[in-house]
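*Asks:* Sharing a structure with you now.
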Ligand SMILES: NC(=O)C1=CN([C@@H]2O[C@H](COP(=O)(O)OP(=O)(O)OC[C@H]3O[C@@H](n4cnc5c(N)ncnc54)[C@H](OP(=O)(O)O)[C@@H]3O)[C@@H](O)[C@H]2O)C=CC1
Ligand SMILES: O=C(O)C1=N[C@H](C(=O)O)C[C@H](O)C1
């Protein structure tokens, strides 16, 4: 599969380039950055401090995607929506790792699944996707006597909260409980909040240093607490998942898919 990486100078963009280079069946076919970025027009290898590799960084996704099969996008919500429209217009697949979307953005992306093969997940790792299934199961087994709290920790540069992963885990807990997450979400408490509302799902975000991504789901009862944890120790984890998803897109009909589809985990 010929792959274009958008946001190629970013933390995930650089990791994706290395992962594509190391993956059989995957070829880097193009590199995209936002208009005005210093890397535009430069050789990708040289721009990133390595040897020249014959790929010039572009700000024109449509031009680069013409020669490729799939884009992998870890950028920012507005850029991702624009990139997905381009992929859909060109009949190309796109793998989306970006987080921080509004509900409207998500509706737009899912709608574009009519015309493009789209894989989107707030976390591309096997561990987190498996954890969503465990969280759903535990939430279904325990009633409101167990309070559910999702606590996430990330590096100081992260711009969105709660993390995409925390929202996936919260959605899985809500699904297990048979409730609508939007109706029961408590986002970060502060001040005289009153006692905890039974059945609500709390979200808390820690930001600091270089933490790659740690997620805890607490089921806190009287006298006992169950904690389910995922800790990412290497960002390449997410890049490997995204490249796996890009290869999976080969020959798949248009649709809005997620990593459960790619990994063959039960929905
Ligand atoms: N699903 C998953 O498994 C994971 C998801 N993520 C998510 O991926 C996203 C990116 O994370 P990260 O790599 O750490 O962030 P970075 O800020 O390091 O990288 C984002 C890159 O996208 C670029 N960009 C912004 N707008 C455009 C545009 N219009 N066209 C092309 N490139 C653009 C940025 O350029 P500039 O800096 O110049 O604006 C930057 O190079 C976040 O939403 C994060 O939450 C991260 C890790 C795992
Ligand atoms: O921004 C990050 O770094 C990460 N973002 C994703 C998220 O929002 O959950 C995935 C991972 O935790 C790293």
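Any Cβ shown, glycine's included, is placed from N, Cα and C.
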*Asks:* Determine which of 33, 149 appears in TrEMBL for the same NAD(+) site as 7, 8, 9, 10, 11, 12, 97, 98, 99, 121, 122, 123, 124.
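*Replies:* When TrEMBL describes the NAD(+) site, the candidate it includes is 33.
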*Asks:* If you average the pLDDT over the domain 'Dihydrodipicolinate reductase C-terminal' (127-263), what number do you get?
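*Replies:* Taking every residue in the domain 'Dihydrodipicolinate reductase C-terminal' (127-263) and averaging pLDDT yields 98.
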*Asks:* Whole-number Å distance between the CA of residue 11 (NAD(+) binding site) and the CA of residue 155 ((S)-2,3,4,5-tetrahydrodipicolinate binding site)?
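*Replies:* That comes out at 11 Å between the alpha carbons.
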*Asks:* As a test of the contact definition, list every same-chain residue at least 6 positions from residue 158 (active site, proton donor) whose Cβ is closer than 8 Å to its Cβ.
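*Replies:* In sequence order, the residues whose Cβ lies under 8 Å from that of residue 158 (active site, proton donor) (at least 6 apart) are 207.
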*Asks:* Say you check the Cα of residue 7 (NAD(+) binding site) against those of the recorded positions 34, 154, 164; which is nearest?
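*Replies:* Closest by Cα: 34.
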*Asks:* Just give me the nearest neighbour of residue 9 (NAD(+) binding site) among the recorded positions 34, 154, 155, 164, 165, Cα to Cα.
*Replies:* 34
*Asks:* Given the (S)-2,3,4,5-tetrahydrodipicolinate site residues 155, 164, 165, which other residues of that chain have a Cβ within 8 Å of the mean position of their Cβ atoms, reported in sequence order?
*Replies:* 99, 122, 123, 152, 154, 158, 160, 163, 166, 213, 215
